[in-house]
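S.K.: Mind looking over this structure? Questions follow.
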Amino acid sequence: MEVMQVLHMNKGNGETSYAKNSTVQSKIISVGKPIIEEAVHEISCNNLLESMGIADLGCSSGPNTLSVISEIMDMVQTTSRRLGRPVPEFRVYLNDLYSNDFNYIFMSLPAFYHRLKEEKGIGCGSCYISGVAGSFYGRLFPSKSLHFVHSSSSLHWLSQVPPGLESKALAPLNKGKVYISKSSPQSVLNAYSLQFQNDFSMFIESRSQELVPGGRMVLSFMGRRSTDPTTEESCHHWELLAQAIMSLVREGLIEEAKVDSFNAPYYAPCAEEIKVEIQKVGSFVIDRLEGFEIDWDGGAVSDVQTAQGKLLIGQRVAKTIRAVVESMLESHFGIGQDIMDDLFSRYAEIVGNHLSKTRTKYINLVISLIKKG
């Protein structure tokens, strides 16, 4: 699987689009807001800036993209005025892979600029927004051009499927699964862990060259509390998706060999794995590292014991996951819209049944870093 070509959130603003099904990601941004605010406040207090470089990495599309930028600008503006300083110009860079729906973002900019002027008094001559296409697992910006880097719900995606998972032996390494599970052999766990180490180190090293000394970075992504990568909090949503896919295999709608050869380019690390890679690179000080529980549906459904509640929460989770992974499934399995609809209908039922018994939650890790001088 060529991750850079096939990984993108569902485009547009239709019923299965990311724009309409990103409540969980919005909740994650909201939970991390105090940490973002603290970091932005420190930058504004410690630097008299005429121009401020801000990058949102893995920006995707939809309402979350510009809302987080608006909030960061609010924070800078509030602190600057409190200190009696002029508000700096904003150089905003929105980054994602080449296949991201940048057009959706660009079409939203006129209304965004209008709101900036009406609500905040910030004219177009004070805010410059650009799209930057490419992988953040490598350099994206000139040296020392950024003051603040934000990334949310992106760094759990790997740059590639871990090498070696496509076994040449007769028996597949991770048979019947699409990600790490309780039945996965140690070699699968090791391959995923090593890929994360390589990717995250590359990310940190690249940003260390692009941020000014004293620059800040707040990263938020899926993780886990346990050192065991097979716990429910880190991989059970993939396990349930595999169950839905295998039900289609049993009916002859999907080839089993296709399932055995699919491995999600995803990894939910524990805090210790993150610390090790940051210390290895040596360019940043860890200011904060915290974990938060997030409901699979973003907390929208409170009563899952009733038949209606079970149905509703299953559908909400299925829509959220579909908006994120459909492009990969479509590319790998080559299935049409009818089978895709059937798959996520089954997934919704499986998820609803699971959450009516156990309210498994995501663990979202938020880390605030300071670039060393």
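Glycine residues also receive a Cβ, built from the backbone N, Cα and C atoms like all the rest.
Not my notes, these are from Swiss-Prot:
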- Tyr18, Cys59, Asn64, Asp96, Leu97, Ser135, Phe136: S-adenosyl-L-homocysteine binding site (BINDING)
- Gln25, His156, Trp157: jasmonate binding site (BINDING)
- His150: site 'Involved in substrate discrimination' (SITE)
- Asn174, Asp260, Phe262, Asn263: Mg(2+) binding site (BINDING)
- Met222: site 'Involved in substrate discrimination' (SITE)
S.K.: Can you give me the Cα-Cα distance between Trp157 (jasmonate binding site) and Leu97 (S-adenosyl-L-homocysteine binding site) in Å, rounded to a whole number?
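M.R.: About 12 Å separates the two Cα atoms.
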S.K.: Could you tell me which of these binding-site residues, Asp96, Asp260, has the fewest other Cβ atoms within 10 Å of its Cβ?
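M.R.: Among the binding-site residues Asp96, Asp260, the sparsest Cβ neighbourhood within 10 Å belongs to Asp260.
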S.K.: Looking at the recorded positions His150, His156, which one has the fewest other Cβ atoms within 10 Å of its own Cβ?
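M.R.: The recorded positions His150, His156 were compared, and His156 has the fewest Cβ atoms within 10 Å.
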S.K.: In the same chain, which residues outside the set Asn174, Asp260, Phe262, Asn263 have their CB within 8 A of the centroid of the CB atoms that define the Mg(2+) site?
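M.R.: Neighbours within 8 Å of the Cβ centroid, excluding Asn174, Asp260, Phe262, Asn263: Leu165, Pro172, Leu173, Lys175, Lys177, Val178, Val259, Ser261.
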S.K.: Nearest to Gln25 (jasmonate binding site) in three-dimensional space, by Cα, is which of the binding-site residues Tyr18, Asn64, Ser135?
M.R.: Asn64
S.K.: If you count Cβ atoms within 10 Å of the Cβ of Gln25 (jasmonate binding site), leaving out that atom itself, what do you get?
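M.R.: Gln25 (jasmonate binding site): 26 neighbouring Cβ atoms within 10 Å.
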S.K.: Let me check the 10 A CB neighbour count of Asn64 (S-adenosyl-L-homocysteine binding site). How many other CB atoms are there?
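M.R.: Within a 10 Å radius of the Cβ of Asn64 (S-adenosyl-L-homocysteine binding site) lie 22 other Cβ atoms.
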S.K.: Measure from the CA atom of His156 (jasmonate binding site) to the CA atom of Met222 (site 'Involved in substrate discrimination') and give the result in Å, rounded to a whole number.
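M.R.: Computed Cα spacing between Met222 (site 'Involved in substrate discrimination') and His156 (jasmonate binding site) is 6 Å.
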S.K.: Looking only at Cβ atoms, how many others are within 10 Å of the one on Asn263 (Mg(2+) binding site)?
M.R.: 23
S.K.: Sort Cys59 (S-adenosyl-L-homocysteine binding site) into helix, strand or coil using the DSSP assignment.
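M.R.: Coil, per DSSP.
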S.K.: Looking only at Gln25, His156, Trp157, which the record lists for jasmonate, tell me the maximum pairwise CA distance in angstrom.
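M.R.: Site span for jasmonate, by Cα atoms: 14 Å.
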S.K.: What whole-number distance in angstrom separates the two most remote CA atoms of the S-adenosyl-L-homocysteine-binding residues Tyr18, Cys59, Asn64, Asp96, Leu97, Ser135, Phe136?
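M.R.: In whole numbers, the farthest two Cα atoms are 20 Å apart.
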S.K.: About how far apart, in whole Å, are the alpha carbons (Cα) of His156 (jasmonate binding site) and Cys59 (S-adenosyl-L-homocysteine binding site)?
M.R.: 14
S.K.: CA-CA, which of the recorded positions His150, Asn174, Phe262, Asn263 lies nearest Tyr18 (S-adenosyl-L-homocysteine binding site)?
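M.R.: For Tyr18 (S-adenosyl-L-homocysteine binding site), the closest Cα among His150, Asn174, Phe262, Asn263 is found at His150.
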